[in-house]
Amino acid sequence: MYYGFDIGGTKIALGVFDSGRQLQWEKRVPTPRDSYDAFLDAVCELVAEADQRFGCRGSVGIGIPGMPETEDGTLYAANVPAASGKPLRADLSARLDRDVRLDNDANCFALSEAWDDEFTQYPLVMGLILGTGVGGGLIFNGKPITGKSYITGEFGHMRLPVDALTMMGLDFPLRRCGCGQHGCIENYLSGRGFAWLYQHYYHQQLQAPEIIALYNQGDEQARAHVERYLDLLAVSLGNILTIVDPDLVVIGGGLSNFPAITTQLADRLPCHLLPVARVPRIERARHGDAGGMRGAAFLHLTD
């Protein structure tokens, strides 16, 4: 059995998957925020419960926001303060007496989708998250590409391409990002960025779901906004696709629930790609809230 943990600032979610990659059981508990020992206990108790329930010693994979292992082997995860700065993988491997695998949550999202029954035919899968922020992951032949610093797939911290400034106007604001840089595409293409663009052009403060509702009602202003957003997404994604050249792009996050993202994006890409480039298949993520657990569990499918 494959145990996958999706760990965030408020909850630890465990999903148990069989050899057919089907979910057999899941359980959630609150994330201890102040005590590392309590955090380790919470994970180990869930593993023990799963072992007893299924009569086996399942493999353990963990998805967590942040950098799973820094150069000294410790975790960097600002949203999980009890474990940040600790050698989480090593400590859990020792306590559980088994190989614990750890990766960031965006890579686990991408891995979950790459192992979808229909998507396993594609060698190179790119996961793109358009949610509170912008991120993602790259999966090659069923394995995540992490890079030396575990920042592969941090697409949101690419800067706006020059064509975007031509499109939006050379006086378009280069917003300061939480990473300290200016002009990161996360600030324009995330759910928050989607709302900011609307406010910037129309001087009305609406949230993304409200704008999308207006779009669906045929509101001309909302439709013009969505056209502009999709053009900006296409020119930004075009740069990424030129470097990565994936077979499949799977889009997750809150904005993936807006059908125009996946149905209209492909037609806008060719003018931003090399003439010989082929537009990859673009699909909405299929596994929703279970994706983090699935991807973490499937870290052990990559042997």
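Every residue gets a Cβ built from N, Cα and C, even glycine.
Quick caveat, the model's predicted, so the values are computed rather than measured.
Under the heading ATP binding site, Swiss-Prot lists 4-11, 133-140, citing sequence analysis as support. In the shown protein chains, 29 other C-beta atoms lie within 10 A of the C-beta of Ile139 (ATP binding site).
Of all the Cβ atoms in the protein chains shown, 11 others lie within 10 Å of the Cβ of Cys179 (Zn(2+) binding site). The annotation Zn(2+) binding site is assigned in Swiss-Prot to His157, Cys177, Cys179, Cys184.
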Once the chains shown are all counted, how many other Cβ atoms turn up within 10 Å of the Cβ of Gly8 (ATP binding site)? 16
Whose Cβ, among the binding-site residues Cys177, Cys184, has more other Cβ atoms within 10 Å than any of the rest? Cys184
For the Zn(2+) site given as His157, Cys177, Cys179, Cys184, which other residues of the same chain have their Cβ within 8 Å of the site's Cβ centre? Gly156, Gly178, Gly180, Gln181, Glu186, Asn187
For Gly135 (ATP binding site), what is the tally of other C-beta atoms lying within 10 angstroms of its C-beta? 27
